[in-house]
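Pulled from Swiss-Prot:
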MOD_RES   THR1  blocked amino end (Thr)
BINDING   HIS173, HIS177, HIS204  Cu cation 1 binding site
BINDING   HIS324, HIS328, HIS364  Cu cation 2 binding site
CARBOHYD  ASN449  N-linked glycosylation site
DISULFID  CYS534-CYS576  disulfide bond
DISULFID  CYS536-CYS583  disulfide bond
Amino acid sequence: TLHDKQIRVCHLFEQLSSATVIGDGDKHKHSDRLKNVGKLQPGAIFSCFHPDHLEEARHLYEVFWEAGDFNDFIEIAKEARTFVNEGLFAFAAEVAVLHRDDCKGLYVPPVQEIFPDKFIPSAAINEAFKKAHVRPEFDESPILVDVQDTGNILDPEYRLAYYREDVGINAHHWHWHLVYPSTWNPKYFGKKKDRKGELFYYMHQQMCARYDCERLSNGMHRMLPFNNFDEPLAGYAPHLTHVASGKYYSPRPDGLKLRDLGDIEISEMVRMRERILDSIHLGYVISEDGSHKTLDELHGTDILGALVESSYESVNHEYYGNLHNWGHVTMARIHDPDGRFHEEPGVMSDTSTSLRDPIFYNWHRFIDNIFHEYKNTLKPYDHDVLNFPDIQVQDVTLHARVDNVVHFTMREQELELKHGINPGNARSIKARYYHLDHEPFSYAVNVQNNSASDKHATVRIFLAPKYDELGNEIKADELRRTAIELDKFKTDLHPGKNTVVRHSLDSSVTLSHQPTFEDLLHGVGLNEHKSEYCSCGWPSHLLVPKGNIKGMEYHLFVMLTDWDKDKVDGSESVACVDAVSYCGARDHKYPDKKPMGFPFDRPIHTEHISDFLTNNMFIKDIKIKFHE
């Protein structure tokens, strides 16, 4: 049954940090299928950005993918788990569970329960160990520890620690890179992931926009992009320990500069950036065979996304290199570039921890600026593309406790640690932490359909801050860099007046519910029609930015476009539409023909956003209030 399968999958991820015994990995005893894995030592920090780690992970998930049936997959995975690096094993096993047909409907347990040490600072984990060791042997009562602050106000960036260190955001980033591994080889799997390069651009662009909104909410200036490969970088201390080895994710002192590694020189990265920018301005990229591939409006962003990341779909890996991934690796090794001190890398090396570091956002704004440079070569959308004839949006209301105001507060949350680390025999070991949460709300959009027939519309909802850090109104073309997508959905409009109502919990960017390890072991919420994309998505408690105490003003932007022109064949039957805007849809095309981020993905030549509007758009000013 599905439940039995789910239990077997859960057991693969239980107590992973102590699954391998260092020095016990005599590979000769293992199945011949596993001969290409076991290079990365158990206890080392696995990096989803380092080419060597990624290649070994690819070998392993291809072995899992090739397993004859579900039973064979579980058995070979159980064997690999005994000697393969635990982070690499989790990555490969998750990719396999997410993509094997006989695993449809199964969930991977939440990464924050598999590796709580990547999410919960070491002081709290240490406290849990201590509490477990000083109690009588027969005592099984639950243990609760509190997560302590990891910094203080001497560091201006500390004001955003609540956001960067949010468990849900970091788990989303880990999961997104499993659904879209950079080593995914469409020729080998016989499945192309639709618009994967463009999704890489869009998902990270939205992360940057959301981070800037959060900075403005805290009275800080929007971030400055990383810009110059020779500049000293700001420091960061993660306070995380890697339980599998007992070593910590290295902090980065203030003022270090990027330095050459054995694998890559900084001058090579400068050259990669130059070559990509040259190609953008020439309007084409050079393929491996020397032919030119035009960066047209339809595929340009997708081609660039594969180049910049870079993934297996890069048109010319030798020439354009691997800019984004090497940036993560060099920043993570900045404190010990040649390995002379045997230091562990910093958090930038790992997708489940890199969002904690402020430098992540500076780096990604730098990457986003490359795409921005390309988007600026495209013509602004003209009236005919933006307009939806006969459709007029007359008003928009955001319904909450107070109309057009969203209230935020801090909420207490507990994370179960016992499946990842369990010293002793406690029934449960939980870490208590606080995260932001906003009240649920809904949108009511009043639309007039002036035609005589029913129309199908795509409703696109965005939010953007009204004022910049100095209190000036943000101009339209600048605004599009901080516009965040809140929702996108299909609706039917009858002739005459229509009111379209949509709840915030149904958003196309957020994850509505993630079952815990315990839920999965007990078979809660299992359904054969669910797909892997159901566990990818932005955390719903951070759908909107936090605002401030007096109520920060935002533009709520609503646009209706013609669904008959937007629809993609076959996208009606997508089993999981949870976070389709950021995560796409399994084995289907991305269910929207328009470019991701439309209409804010191209230059806007009007000064005020109000001059940009056509009849099918509407802007309502709303407030977001934060209560201590």
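Backbone N, Cα and C define each Cβ position, glycine as well.
Sequence features annotated in Swiss-Prot and their locations in the structure.
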residue	record	Cβ contacts under 8 Å, 6 or more apart
THR1	blocked amino end (Thr)	none
HIS173	Cu cation 1 binding site	MET207, THR351, SER352, SER354, LEU355
HIS177	Cu cation 1 binding site	CYS48, THR351
HIS204	Cu cation 1 binding site	HIS364, ILE367, ASP368
HIS324	Cu cation 2 binding site	PHE49, VAL308, GLU309, SER310, ILE367
HIS328	Cu cation 2 binding site	SER47, PHE49, MET348, SER349, SER354, TRP363
ASN449	N-linked glycosylation site	ASP390, ILE391, LYS455, LEU493, HIS494, PRO495, GLY496, ASN498
HIS204 (Cu cation 1 binding site) falls, by DSSP collapsed to helix, strand or coil, into helix
Within 8 Å of the Cβ centroid of HIS324, HIS328, HIS364, the other same-chain residues by Cβ around the recorded Cu cation 2 site are PHE49, HIS204, ASN325, GLY327, SER354, PHE360, TRP363, ILE367
Other than HIS173, HIS177, HIS204, which residues of the same chain sit close to Cu cation 1? List them in sequence order, counting a residue when its Cβ is within 8 Å of the Cβ centroid of the site.
HIS172, TRP174, TRP176, MET203, MET207, THR351, SER354, LEU355
